[in-house]
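Marked as active site, proton donor by TrEMBL: E103, E340. According to TrEMBL, the active site annotation covers D246, E358. Among the features that TrEMBL reports, Ca(2+) binding site is placed at T444. Annotation comment: TrEMBL describes 606-695 as domain 'PA'.
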Amino acid sequence: MTKAERRSLREESRLMFYHAYNAYIDNAYPADELMPLSCKGRWRGVTPSRGDMDDVLGNFSLTLVDSLDTLAVMGDFSEFSRAIKLVIRDVMFDHDIIVSVFETNIRMIGGLLSAHVLAMALKTDVPVLQWYNGELLAKAEDLGKRLLPAFNTSTGIPHGRVNLRHGVRWMTESRETCTACAGTMILEMAALSRLTGNPIFEQKAHKAMDGLWKIRHRTSDLMGTVINIHSGDWVRKDSGVGAGIDSYYEYCLKAYILLGDEKYLARFIRHYNAVMKYISRGPIMLAVHMHRPHLQSRNFMDALLAFWPGLQVLLGDVKPAVETHEMLYQVMQRHTFIPEAFTSDFQVHWGQHPLRPEFLESTYFLHRATDDDHYLQVGKTVLKALQQYTRVPCGYAAVNDVRTRLHEDRMDSFVLAETFKYLFMLFGEDKDLPIKLEDYVLTTEAHFLPLWLATDGKNSTLNIRVDDEDDDKYRKTCPNTASLDSEKVRRPMRQMLGSSAARPPARLLPLNDPRQIHALSDMGISVLTLPDGRVQLLYTTNTAKSAKDAAEGLTFMREMSKWNSLSEMENGVIAAGVKFNEKIYPAGPGLFGKEITGNERYMSTAVYVIPNDACSQIENSHEIAGKIAIATRGQCTFAQKVRNIQEANAQLVIILDNVKDSSHESTALFAMSGDGRNDIRIPAVFLFSKEGTALIEALNNDPEQFIVIGEFKSMKQEFENTCEDKDLEPVQDKESFDHLKKVLSQLVAQFELTLSSDDQKNCEEPTDAYLTNKQEEKVCKIASNDGD
């Protein structure tokens, strides 16, 4: 990206912030939020209630307070000064209103402290700020004292809500809170204590963090999502890195960075290792049961986990950060925005998008770590999507559903506090900012807290320790922070995910990550690559790292066996159809190029390309222009073949398998993987050998016959008058049943399981909980058709 374009995007992000900020000031202030479609403010108790969503509102000018430091970061000291004066004059907290302790802490106390710290740091050099004398700190202390009653529980884990005037008295009994709600207090509360000299805030927050650490699952080191604050029992035991738990992990690491207390680093390392062992599946992050961490608790991810790559960058573990960020970018490209929740094959689970900042946060940190312009391009894509689909006359409106892009009358304060701030900092350079970013920790709400609090604050580290078995773990253990060429990580990721996420990826990913190979090896599974490109998995119990790992290996092999029985649709492959000689043959699609969907049809005569593997420039381009080109598999990637043929202006590409006697009847279809580049525009399909041979014979008999290609299911309905959607009578013909059974027994997925007759019985479930070394060696083999 050129410097001129980067400056232009920086200024565009500034203008976006002011479009939203001015809309709030002109139409909503002193209300908490702007309703951008109605052009009016959202007030607690006045505007129709949205239920628990309104717990963030306290009639204390939330959006203005939350966005104060964004004004400072953008260098608008005049408006920064004016906004501080508005807060001092108008913002009061003595309201009979029940608010979220968590949200009030990160948005209001964090916003007040950050603005105070920046105003104090800048006032010497900025004349317009020289009047400021700590008034915002006094406001923050007042509000902090109103949150303190929430911490009066037997466990030290705070109530989720508190009344700003009455504390927890006369409130409907609240017994539950989320892990993130209780564990996202330490940064703001410690800063408040050290800036005011009143230790009570930090003491309460430390006790809450210690209470959470005590109730972690001792075997897995994972945390659940919802806790009973009185008993400390887990109410919900599903464990992930997204909603309900996200910022607890974030504050474990950042508490160490801000306060210098190494117990928090030790705790985070324990949690991090658990997350990477049980929750991380390559780039995918799927929640598990904390007490049974090998058991997945749901099949979707939520948008809040997008903060995780940024946290990994702070830790220094950049490679998996690049991978997960790339996965999220594919989701965003598919749906324009990252939906609130999405499945592991990138389908929408919940379609809302409230203009969340977490993906931009990780994009910003990855750019800082790698200096890779790719992340500037990602930021540009997000910026343009926001401008095109969410900008309205009164600010920016949340997206009600990413599939329809209909608006919602909502603009959360974090849009100004985080989304536009991260955009501005991403495109800005260090010289554009009035402060040194390295001197501050960014809170979960992107507020600035100074690192000098660790040593120069008025309150020293309390060193509250938990008596458990982990005392020897309290030591500094940082991972390798060597520089990384992120492009080398992204390219294979795109090959695995599909270059533009045009369709769900194949369920089984290529085994090209050394961590995957190592994990399988620990379970007694060896990975061999066969000459024909297939992958073979060899399972031997006595080579496993331990008896427990051997049992996990057996479970893995059995799951692979179960996976083999799935149909193509369950494998995530939407078959294409190739029609010739009045018969339709199923074909595998490509994870690149134009997708073949619905009733779209491609019809033309076919021409063989020269050279037949299409791995170099096409010599007969004049013959295949506008027609269907036929090439054979081998020598280079699928994507490279199609790219070369595309230059010859073909309409579509059919690639024929080079593995003898392969057929869709014996091997389930797979999707051809891309190579990380997004420059292919034409569609491509893959035919196994037997179907390819039938096509060659048909063309030998009639070289001018037309071939029709489309989506397999719709073509079957169109040309064969199938009645899949109609009521059918049960088939009583035994021969039909036998034929169906034969076909089903032949279906195997991308990984084909074969058991030797002598050892087949040994792959049954062992009678003991774990395998022992005394048991006979058990061997199961799995073979895979693995692209090119």
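Using the three backbone atoms N, Cα and C, a Cβ is placed for every residue, glycine included.
TrEMBL annotations: computationally assigned, not manually curated.
Each of the active-site residues E103, D246, E358 was scored by other CB atoms within 10 A of its CB, and the lowest score goes to E103. Cβ-based crowding with a 10 Å cutoff singles out T444 as the top-ranked of the recorded positions E340, T444. Across the domain 'PA' (606-695), DSSP helix (H, G, I), strand (E, B) and coil residues number 21 helix, 18 strand, 51 coil. Taking CA atoms as the reference points, T444 (Ca(2+) binding site) and E358 (active site) are 9 Å apart. The Cα atom of D246 (active site) lies nearest to that of E358, taking the active-site residues E103, E340, E358 as the candidates.
Counting in whole angstrom, E103 (active site, proton donor) lies 19 from E340 (active site, proton donor) by their C-alpha atoms. In this structure the alpha carbons, written CA, of E340 (active site, proton donor) and E358 (active site) are 12 Å apart.
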